[in-house]
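In TrEMBL this protein carries:
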type: TRANSMEM; residues: 46-63; note: transmembrane segment
type: ACT_SITE; residues: E220; note: active site, proton donor
type: ACT_SITE; residues: D364; note: active site
type: DISULFID; residues: C432-C475; note: disulfide bond
type: ACT_SITE; residues: E489; note: active site, proton donor
type: ACT_SITE; residues: E530; note: active site
Amino acid sequence: MSKSLPYSMKDVHYDNAKFRQRSLIKVITQNILNSNIKRECTKCSTGRFLVLLMVFGVAYLMLTHASHIPSSDGNAKNVGTEEGKNFFTDGRGRFRRFWRKPPRLPPRLSPDEIVTRNKSIHNSDKIESGPDWKVRQQKVKEAFIHAWSGYRNYAMGYDELMPLSHRGVDGLGGLGATIVDALDTAMIMGVDEVVHEAGSWIEKHLPERIDGKGQVNLFETTIRVLGGLLSAYHLSGGEQGGNASTIGPKPAVYLDNARNLADRLLIAFTSSPSAIPFSDVVLRDRSAHPAPDGLSSTAEVSTLQLEFNYLSSLTGDPKYGLESMKVLEHLKTLTKVKGLVPIYINPQTGEFSGDNIRLGSRGDSYYEYLIKVWLQNRGSNLTYLYNMYEESMKGVKELLVRKSVPNGLVFVGELPYGPEGAFSPKMDHLVCFLPGTLALGATKGIVKEKAMRENLLNFEDLQNLKLAEDLAKTCFEMYSVTSTGLAPEIAYFKVEGQSEGGPGGGNKNSKYVDDIIIKPADRHNLLRPETVESLFVLFRITEDPKYREWGWEIFEAFEKYTKVDSGGYTSLDDVTVLPPQKRQDGDLLFG
């Protein structure tokens, strides 16, 4: 008799709700701006709003921006900016410079400057021919402004907008998460009015909120608020010295708030008996405690390092980077399954808890940050991170990658009972971060054509790049198989010798309608950014225009079905039916 999958109600809540949502525009912006790649993007909302902002950010970047340019020696250079002053220990108490700024932070260049400095790619016929991308770019910008207008009119100062009920809620600790998380997107897009409004709010209200608020989640606060402040500091010209910003407050306002916040978050690391931080912090009294079940998410504790390292770089104070890097140094020592790790870890003991292995919620960004933190610090003594990444990707290919029947979509499943248990053909939308991560890891951000020409890719790199493209197609088909053209939160795949009953996505014209199963409990869409982010990265690395077209199709579906006339965007209850029912709540993810 087969036992049911070990998903607790807590897992279901976490998988489907706002706490694991990654801001679409933010992630997109962050990753897109994050790599040694050039940019163009799409998405926006605060549960939904932050995601939408992210989607708009990625979409917008996909349509215009470029990022770091690789030099002839294969190392990426920040165009138009000074090299970062990141510090890290060499094991003997000395500090070394990080080789460059975190991938999430783009060079401070206008779109015109970027085009001028990157002629080799921007003049390519295969990228610039076809539709009028400037028109499409403007539509993405308008979508961002629409999302912001709903938030400003009905929820200014709250973490999230509830777009259908026209009210704001504080679901992330009351630090005005949407404002901070959307600011760097507004800067990149050149939406000066939003930059001024958000910057002014941060200057007037955020300090007292950081000092006086109660419990916040370490992970969410780091990626949204701390990361947003650091991005704003960079994009406003803070590293150039003086008062570079002409819109909004002085750049120092963003850095001062970032430092104050990080000083309070550090207690999660320093009060834990192990190298694993507690999950929650009380800001006003600088205390920390574990989650009610005593466990931390593996993904959450390993997705803090880019921000804390960069803050050490800016302030010259190594404590932020040192505390956060202790987590990865400790994870290096733990036993793994071919590089794969369980999704829970105990901060009291520093040991993994349970056997559940997946690249969806609670597991995803562990793998993503291995390669990104290594890239952030290339040239230092962090080779172990690249080795951990390589080993984990081999484990993914050996244990988790399968093909669907009858049409052979490549997907990543789960091992809910560990390597000795049954394989589950379940794939969260969150797993769609992986195509972009694989592509970034394969070429280190260098355009594929250049990397091939200079013999920079080994067999493993080429294999990973092929897997990235196969998975990107699967992620896109998770959208195109539905009636709305929007992906469900979770999909199951038909595989040989194993059948998962259930309906398809509703689009009978899709070739893959028989490969993908969407169960009733999984049909909702939370405006997540992972697929669009990966499409952007693949477009920039492969220069294949299909990825930009796929991103545009997804953006149009968001516009058609999730837009709220009064401002903002909302998630959907069921992507398989027309017309889809809009949910009442908003979402940070689309921001």
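Every residue, even glycine, has its Cβ placed from backbone N, Cα and C.
In terms of Cα distance, the active-site residues that sit within 10 Å of C432 (disulfide bond) are E530, chosen from E220, E489, E530. Counting in whole angstrom, E220 (active site, proton donor) lies 16 from E530 (active site) by their C-alpha atoms. Checking each of the active-site residues D364, E489, E530 against C475 (disulfide bond) by C-alpha distance, the shortest gap belongs to E530. Of all the active-site residues listed here (D364, E530), it is D364 whose C-beta has the fewest other C-beta atoms within 10 angstroms. Between the CA atoms of D364 (active site) and E530 (active site) there is a gap of 11 Å.
Across the structure, E489 (active site, proton donor) and E530 (active site) are spaced 11 Å apart at their Cα atoms. Within 10 Å of the C-beta of E489 (active site, proton donor) we count 22 further C-beta atoms, all protein chains included.
The Cβ of C475 (disulfide bond) has 28 other Cβ atoms within 10 Å, all protein chains considered.
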